[in-house]
Amino acid sequence: MHKTSSASSLGPGGLDLTQAFFKPIQSAAPPSPTKRHTKISVIGAGNVGMAIAQTILTQDLADELVLVDAKPDKLRGEMLDLQHAAAFLPRTKILASVDYEITVGSDLCIVTAGARQIPGESRLNLIQRNVSLFQKIIPPLARYSPESILLIVSNPVDVLTYVAWKLSGFPSNRVIGSGTNLDSSRFRFLIADHLDVNAQDVQAYIVGEHGDSSVALWSSISVGGVPVLSFLEKQQIAYEKEALANIHKAVIGGAYEVISLKGYTSWAIGYSVANLARSILRDQRKIHPISVLAKGFYGVEGGDVFLSLPTQLGRGGVLGVTNVHLTEEEAQQLRDSAKTILEVQNQLNI
């Protein structure tokens with residue numbers, strides 16, 4: 001399953017035609033050993049995993065893209081479908097296998113695999129089933145790519161990022177979750193829509209849990225470099241907290257609405273994760289609200305907990321957490337969000 005028949009072996013008896021088709025120039029040296037070959041592995045070939053894979057390909061982020069899934073037929077079908085688009089894409093080697101050995105030497109491992117909730121099943125039971133699944137996924141990834149960065153997308157992402165960190169034995173800077181990166185994109189879109197500006201000119205973060213206890217950092221929102229709330233106060237323009245709360249509710253409900261309409265989310269998370277992959281692999285040092293080990297930041301205590309904070313990302317993974325000014329109300333909401341996650345973690349069997 002690793003690859004389709006190579007054009008280089010079309011000659012009689014599998015003769016490698018590349019030697020006949022291309023002749024080397026004189027006094028040629030072998031390729032430089034310092035040349036970077038970027039390999040990304042995506043674990044889980046469902047709707048989310050394939051949206052991520054497709055976006056990574058179109059944005060030319062990898063020299064080699066590997067897909068891993070438990071369903072061999074679907075996996076091979078997805079691999080072939082992407083390979084057949086080779087004439088329209090940047091040159092990327094695309095491989096697929098049910099065997100984790102294919103991920104060896106990955107620079108970035110993106111985990112999207114996860115169990116679906118059974119009707120009537122408790123959230124805790126679903127999480128425990130995902131923990132069991134991660135016990136089969138994370139150790140081989142860590143074994144075959146010990147220098148890799150793990151990027152967890154599976155939900156509940158904060159708890160499962162913690163699980164991946166514990167199972168991998170990796171340092172905390174190399175285990176991250178997609179967290180509220182997408183929530184913050186929805187937040188920026190809604191604010192931009194209200195003000196009729198480009199969302200790229202809006203700086204706004206959702207932090208905390210990727211879920212109902214997330215926190216909107218209203219105090220630090222700026223548009224085109226102008227702090228929004230302080231501008232309104234200086235101009236004596238009245239605003240209602242209820243209106244702000246409704247925007248936050250729309251952010252939380254965004255995913256639920258998409259799922260109710262089309263059955264799942266895929267494209268936005270695909271772009272979100274590819275955005276994170278670019279910042280990491282190209283050492284962009286951009287700030288993203290992602291799930292990181294948050295103990296000791298903004299008064300978060302009580303245990304090792306992963307939740308989203310504005311984080312600088314680069315080739316080494318987490319380079320640092322941004323020291324954003326929070327109001328006391330926002331800081332308390334963040335600590336409450338951490339407690340919500342910890343309560344779930346403390347009931348798990350890892």
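Cβ atoms are placed via backbone N, Cα and C, with glycine included.
Marked as domain 'Lactate/malate dehydrogenase N-terminal' by TrEMBL: 38-177. Annotation source TrEMBL lists NAD(+) binding site at GLY44, ALA45, GLY46, ASN47, VAL48, GLY49, ASP69, ASN130, VAL153, SER154, ASN155. The domain 'Lactate/malate dehydrogenase C-terminal' feature in TrEMBL is assigned to 180-344. Feature annotation from TrEMBL assigns active site, proton acceptor to HIS210.
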Cβ neighbours within the same chain of VAL48 (NAD(+) binding site) - under 8 Å, at least six residues apart: THR112, VAL153, TYR264, THR265, SER266, ILE269, GLY270
Under 8 Å by Cβ from GLY44 (NAD(+) binding site), same chain, sequence gap 6 or more: VAL68, ASP69, VAL111, THR112, ALA113, GLY114, SER154
Residues near ASN155 (NAD(+) binding site) in space but at least six apart in sequence (CB under 8 A): GLY114, HIS210
Lowest local Cβ density (other Cβ within 10 Å) among recorded positions: VAL153, HIS210: VAL153
Those binding-site residues listed as GLY46, ASP69, and which of them has the most Cβ atoms within 10 Å of its own Cβ: ASP69
PLDDT averaged over the residues of the domain 'Lactate/malate dehydrogenase N-terminal' (38-177): 94
Extent of the NAD(+) binding site in Å [max Cα distance among GLY44, ALA45, GLY46, ASN47, VAL48, GLY49, ASP69, ASN130, VAL153, SER154, ASN155]: 17
